[in-house]
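Taken from TrEMBL, the feature region 'Disordered' covers 1-66, 315-342. Under the heading compositional bias 'Polar residues', TrEMBL lists 1-24, 47-61, 315-324. Per TrEMBL, compositional bias 'Basic and acidic residues' is recorded for 31-46. Sequence annotations record features per position, and here TrEMBL assigns transmembrane segment to 152-172, 196-217, 229-251, 257-280, 438-459, 564-584, 619-638. For H576, the entry in TrEMBL reads active site.
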Amino acid sequence: MSQAFQGLSSRPTLDTQGTWTPETSSDVSDVDDRSRLKPSSKDSARNGRSNSTTAIPSDGSSMGDIDDEIKAATKNGNRRKSIQVVVEDAGRQSKYTVTTDDPDFKEVMRSGLQREAEKRSEGKPKIRPRELVFTRQFTHFDRQNPVSQSPFHGFFTLFWISMALLLTRIAAGNYRTQGSVFGNAEILHLMVDRDLFVMLTTDVSMCAATSFGFFLHKAIARDYLTWNGAGWVIQSLWQSFFTITVIWVTFWREWPWTHTVFIVLHVFVLLMKQHAYSFYNGYLSRVYRRRNLLQQKLDQLDKLGVRPNADTAKRLSTTTSLDNPASHELTKRRNMGPTYSTNLENEVSDIASIGQAIEKHEPLDEEQTRAFQKVLNTEITILDEELRGKCTTTDNAYPNNLTLYNFIEWTCLPTLVYDLEYPRQERINWWYVAEKSAATLGVIWVMIIISQAYIYPVVVETVRLKEAGMSLDERWKEFPWVVSDMLFPMLLEQLLSWYVIWECLLNVLAEITCFADRGFYGDWWNSVSFDQYARNWNRVVHNFLLRHVYHSSISFFHLSKMQATFFTFLLSAIVHEVLMFCLFKKVRGYLFTFQLTQLPLAAFMKTNMMRGQDTLGNIIFWFGLFIGPSVITSLYLIV
């Protein structure tokens, strides 16, 4: 039994490395409302490193006895009759004793052994909820990435030479017909002639307003209110008010589509930023409150009187030993209670049982006091590890992370998944910042010229058809020609808008903030299905949806994986349709419908007929990406 008591003083290393996709995990957790995402030990071993620490035993106990106990337990798979241990009231003496009549307290005594066995088990590791792992990496087209010098690098060069020749042709045509290489530049005038200063002021005000979540969590950290009480309700109401107000401003000012697209896209980015910051810190605040509660229980335990119990000690010394459980039993961590619960009266766990016993303020014998101290110290250490996350030091552990500097830095970081620490580079390369900034401005200029030359005339013509009183049937006859006119320009605009944001702009922000993880996208151009495309073309948003929508819908709403996937796509489709509503000032649902059709297409790509047909899958993907934007835009213009 003494070996069991000693086992309570230590805990294994908690791995914090790994990645997660719906295809590779059968267990989920909700950082927003219930728990944190943690990696499995398998992923940590594969990466060869861990950012966590091993807890220090609370009383300096040796691990030798624990090792012997684990070896003996795993060697013998047969289970003998257990020694039952429980704390109970001794009646009129108002004392607590250890007896061998009930199985409940035995689980507490063995919890340390099971944690150690789980760490040392060489069998199939348990799949745990995982955090997003940030690593040092570059984007695919970045010159610092060796992948950018692949055998296909020449096609990348050819693309930009083609863009330069196209711009030369457009400039020559404008000069020939209008006497200026810039033409009439209607789109440029839309961008700068009206409300430019108002738009920029609105954008700055939006960024400043996101500090609401920071001040809310400062109040929560000072116990003015709790996250699981009014905190999450206040934050959710604020996020709704924030989004609706900004969208209303775009209608009120009657901004052109250039202003509207920029502001609406940015408000959704800031909405996700606020949600990630608030709900992650909200979870940590609940862990912090539980940690403080257990520390109070430990302090109360130190103040209780200690009563020697010779009878109990005698009975403990005459027992043979702790029974040897089956090896598969040792890999299960016993119920120590939720990491965020602070209601020990209603909680059903070993920690709650100890807390209730301490609340009676009766003296415990020496054996009980030592056992309780070990259990509480172990659980407090686990919670400290949870609050520390992947930080290499405790300087940024919750609540030390609730600083204005940390919040402003988080607002500028090119990620939508909040964490206490990110991989950083040592210094800023200002030449690199200048290079990517110039690329950003240059690509935006190319997009303006292409839109002016090939898209703007088509849009003006469709508006003229409506203003001329042409019926819907007559306009439908023009639909195929509108689609064909916009086919190549819309594809170019889609590719260039992706490049300017995920390759240029995000790299500028990453360099200025020394953010080292630049995996903003994957090789989506090689996608063989639309779900692969959804994961790779925008990993920044994908990671947010994975943690805060997919995981949360499973743990909070108890949805299945398929239902959670549908809910995630549904939410994404609604957001995109809201953007179309702000842009065209009407609700049609075309983009919403086309986005949801990606689900049956993704299912079709996984059928036996398409299995192994990667080239065909890539053809179907590119065909959809080619005609999709022009068809959807034409529908909004014609109907």
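Yeah, the Cβs are placed from backbone N, Cα and C, and that goes for glycine too.
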Which of 152-172, 196-217, 229-251, 564-584, 619-638 has the most Cβ pairs closer than 8 Å to the transmembrane segment (438-459)? 152-172
For the transmembrane segment (196-217), give me same-chain residues lying six or more residues beyond its boundaries with a C-beta closer than 8 angstroms to one of its C-beta atoms, as numbers and ranges. 231, 234-235, 238, 242, 246, 249, 253, 255, 259, 262-263, 266-267, 270, 273-274, 277-278, 281-282, 285, 402, 404, 407, 411
Which residues of the same chain, at least 6 past either end of the transmembrane segment (257-280), have a Cβ under 8 Å from a Cβ in it? 31-33, 187, 190-191, 195-196, 199, 202-203, 206-207, 210, 212-214, 216-217, 232, 235, 238-239, 242-243, 246-247, 249-250, 407, 410-411, 416-419, 541, 544, 547-548, 575, 578-579, 582-583
Same-chain residues at least 6 positions away from H576 (active site) with a Cβ under 8 Å from its Cβ, in sequence order, are L591, F592, Q595
